[in-house]
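Q: I'd like to ask you about the structure that follows.
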Amino acid sequence: MNIITVKDYAEMSQKAAAYIIEKVRQTPSLRLGLATGGTPVGTYQNLINDHQKNNTTYRDVLTFNLDEYIGLTGDNKNSYRFFMDDNLFNHIDIKKNNTFIPRGDGENFETECREYEDLLAKHGGVDLQILGIGSNGHIGFNEPGTSFESKTHVVNLAPSTIEANARFFNSMEEVPTQAITMGISSIMKSKEILLLVSGESKRDAMKKLLNGEVTESFPASILNNHPSVTIIADQAALSD
Ligand SMILES: N[C@@H]1[C@@H](O)[C@H](O)[C@@H](COP(=O)(O)O)O[C@@H]1O
């Protein structure tokens, strides 16, 4: 794993955006895996600024998001579809039809999971996957204990994840308790991974990730087995 240490959230966001922009310029039809949560918001803002200033184009880019809450429609402001439209897609020249996110408002989630996995395969998989990390080590919504063999599947969210995500909702009761997520094996298939980590609340997670033990009780630890991982982490996340 290649670790880039940065001062703070702002620098992490700039460096991550620069990394993505370079890839998009090299490969205009890049298949880009995207994440939600607070961590990548600044990165997306930098992509938008660059698009407006330097005209980097996303016309031929395909994006695949990691996950979506079950029970929220795309127009719900807490759905990840809304988040992505609002924080990135509406402000760059990507074609909406080229942005894929699992649907959490369907009727048959098993079919949705299978179709999402097929979709990833049909397009030849992800070239560059952006990842955040939960404080319990989850990646996407793969909670501790998830099989490393897992493909896109339905998950019950851990209480700590529900609590952490409650800040985006009006009340605890509104936070969905289930989600659809790309599995660990789906994530590991991506050719390259860029993990973004910022803030004190991620310090323990970083420590566990870097101590090298690979265990299903800490999902992100599998990244130690991936041949091409870059971590951009700020000082607060690394200070241990
Ligand atoms: N499903 C998302 C993850 O993809 C994200 O990495 C994690 C961390 O979020 P944050 O970046 O807000 O700390 O939260 C959510 O659970």
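Cβ atoms here come from the backbone N, Cα and C positions, even for glycine.
So TrEMBL says this about it:
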- ASP67: active site, proton acceptor (ACT_SITE)
- ASN136: active site, for ring-opening step (ACT_SITE)
- HIS138: active site, proton acceptor (ACT_SITE)
- GLU143: active site, for ring-opening step (ACT_SITE)
- 9-225: domain 'Glucosamine/galactosamine-6-phosphate isomerase' (DOMAIN)
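Situate these features within the shown structure.
A: Around the Cβ of ASP67 (active site, proton acceptor), a 10 Å sphere holds 22 further Cβ atoms from the protein chains shown. Reduced to three states, the DSSP call for ASP67 (active site, proton acceptor) is strand.
Annotation note: ASN136 (active site, for ring-opening step) sits in a coil segment as assigned by DSSP.
Taking all protein chains in view, 25 other C-beta atoms sit within 10 angstroms of the C-beta of HIS138 (active site, proton acceptor).
Taken residue by residue with DSSP, GLU143 (active site, for ring-opening step) is part of neither helix nor strand, so it is coil.
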Q: Can you tell me which of these active-site residues sit near ligand 1, meaning the Cβ is under 6 Å from at least one of its atoms: ASP67, ASN136, GLU143?
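A: From ASP67, ASN136, GLU143, counting a Cβ under 6 Å from ligand 1 as near, the near ones are ASP67.
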Q: Around the C-beta of GLU143 (active site, for ring-opening step), how many further C-beta atoms are within 10 angstroms, looking at every protein chain?
A: 20
